Amino acid sequence: MSNETLRDTFFAECEELIESLTEGLQVVASGAWDGETINAIFRAVHSIKGAAGAFGFTDLVTFAHAYETVLDLIRSDKLDIAPDVLRLITRSSDALAELVDTTRQQGSASLDPVRDLIGELEATAKDAKADTPPEPEFTWAPLALLPIEVEAPAPAQGFTIRFAPGASFYANGHEPVRFLSALDALGNLTVTCDSSAVPPLDGFDFDAGYLVWTLTLEGASDEEAIRRVFAFAEGLCTLDIAPLGDSTAPDLPEVEVEAAPLFIARAPAVDPPADPPADAPVTPAAAPPARAAAPRAPAPPVQTTLRVDPERVDRLINSVGELIINHAVISQKLESCGLGTDSEIMAALDDYRYLAREIQEAVMSIRAQPVKALFQRMGRVVREAGEATGKAVMFISEGEATEIDKTILERLADPLTHMLRNSVDHGLETAEKRRAAGKSEVGSVRLSAAHRSGHVVIEVSDDGAGLNRERILAKAMEKGLVPPDAKLTEPEIDNLLFMPGFSTAENVTNLSGRGVGMDVVKTTITSLGGKVGITSLAGEGSTFTISLPLTLAVLDGMIIGVGAETMVLPLSSVVETVRPQRRDIHEIAGELVLSVRGTYVPIVDLALLFGMRSAKGQSAERSYVLLDAGGASIAVAVDAIQDQRQVVIKSLEGNYGTVPGIAAATILGDGKIALIIDSEALVELVSPRRNARPLIELEA
């Protein structure tokens, strides 16, 4: 195992520990905590500190040490969790997570941003120690030892085992813990590990065997059973087995012990209290107040995780994709050979398809991860935004167990950060305005996730004043983003928020005002094959809804014919298909539009756009697919609508290059390559301006 692999493992474990830390602090904030909650929080910080020290991340160690000192005082009942202490340890959790992220990205982290916080932690610890009463002094007295005759017990039945793995032991994929677990099933196992030969990290050889185990196995009587445990490691380790009490048993290392008198602690002398008068009532001393512990929910079952190289998972996903393609090839060849009606063959092919889909779903679930860790990070974003704006904010997260493809999850952090900051900065009113509107001074920002219709839907909502559409439109006109005489609908005005350079902030701050943010949100979500929409009610708040595919590996598509080529339209963008009459096609300002129930939609001729010749010259003889792409609607003219199926996405950029209007490629059942249309890019290619109006409305 290389240093880089160990480093990646360290940061992966840090993520889990910070997740545990955040969960514990949430329990503390709710008031339903006990001593074990604080112990778990302390262990998480202590584990990060210890592992960081092994890698030489001294700044991370320094901060974690100051943090765990305060936590240690809390768990030893020397410091109460007052509101200011709760805020301090919560801020420290956020800072620790940021330090870990910075160290991961840059290789080290500076303490400059957290020096004030370290000072607060140290001051809190110092005050708590000063308030703690001193321990009573004890004197020491010799302990008299009396000889006691004891009968020596009969030697226990069992074996002493010396187990020393060699370098080839680890190179062959063996793990000592598996052998120890197998031995434990044979009797009562006591394990001693000698790690004195382990060198410092800079001189560590990951293929060497430094550890030596001395095992005592009581209750076992079959030496052959022990040797069978090590059968697969024969020749890869040094193994000595001897019965317990045998003079040939491997010797444990000797430890010199200096003889000294044994002392016991004697409590300080205290004068006995005067006897109370006989007629005086005796009142028992009041016991110190005990911390009220809320009933704890049953602990969730322990889950084990297996760390797998992402490249291995990607290769497996690609293989499953080839399996799906192979099914389509076989199906098409059977049809061409006239065997498509053979019930036995088709039944076997259906079983093949079912099994391929089952394997595909299982493999996809390996890449799927819950959004919990991401949502917890967003809680820090909301708290920081609230502190920066001086607003009291309550963060609510829902659906943290919702799973999504890891590739998508990793790219959601920036969009969600922008949206949540906007919700706090622009969405929530100040405390004065909220009081005037009859609302609580504490605003709420909610982040939720759920599975709906084969997609993951993420919502960011607030209970603020809602969008000020008049101000948005005025700002857009002021910046020249829309004509001064434009008459836009509410959804069209809302979509102006996603235009580059647009901002309604009067002053530039750390949170907003630079015109960068929401356009990044739309660009990122679109590149992931998703959509983003807005709903807002005046005085009640706004909700931003993101809809994303479960995975980027496969796509539900509509197979279309364009000239001599076959292409794929993402089914998520398809609204409907129509076969219009000639009278439904009009020309407006030199552009063709299609009349659909009184609404005129711009026509995009794919054959003309990509330099191909249509098999059907007249527009009225062709089929039209209405697409909704990022709030804009277009009618795509195609020569034929052939099929609807799930296709495996193949990167075009990595194998060929970027093609405007094309998202990726796939391989069809006949072995042909079909290009997958990028609906959003298609709208931008044909729109006179980047954020075209969703529909063209003609006045009667």
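Numbering starts at 1 and runs along the chain as it is shown here.
Cβ atoms here come from the backbone N, Cα and C positions, even for glycine.
Any TrEMBL annotation is an automated prediction that lacks curation.
A quick note: this is a predicted structure, and the numbers were derived from the prediction, not measured.
The domain 'HPt' annotation in TrEMBL covers 1-103. Sequence annotations record features per position, and here TrEMBL assigns phosphohistidine to HIS46. According to TrEMBL, the compositional bias 'Pro residues' annotation covers 270-279. The feature region 'Disordered' is assigned by TrEMBL to 270-303. Positions annotated as domain 'Histidine kinase' by TrEMBL: 344-552. Sequence annotations record features per position, and here TrEMBL assigns domain 'CheW-like' to 554-688.
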Tell me, roughly as an integer, the mean pLDDT over the domain 'CheW-like' (554-688). 81
Around the Cβ of the residue listed as 'phosphohistidine', other Cβ atoms found within 10 Å total 17
Give the residue counts of the domain 'CheW-like' (554-688) per reduced DSSP state, in the order helix, strand, coil. 21 helix, 72 strand, 42 coil
Three-state composition of the domain 'HPt' (1-103), taking helix and strand from DSSP: 87 helix, 0 strand, 16 coil
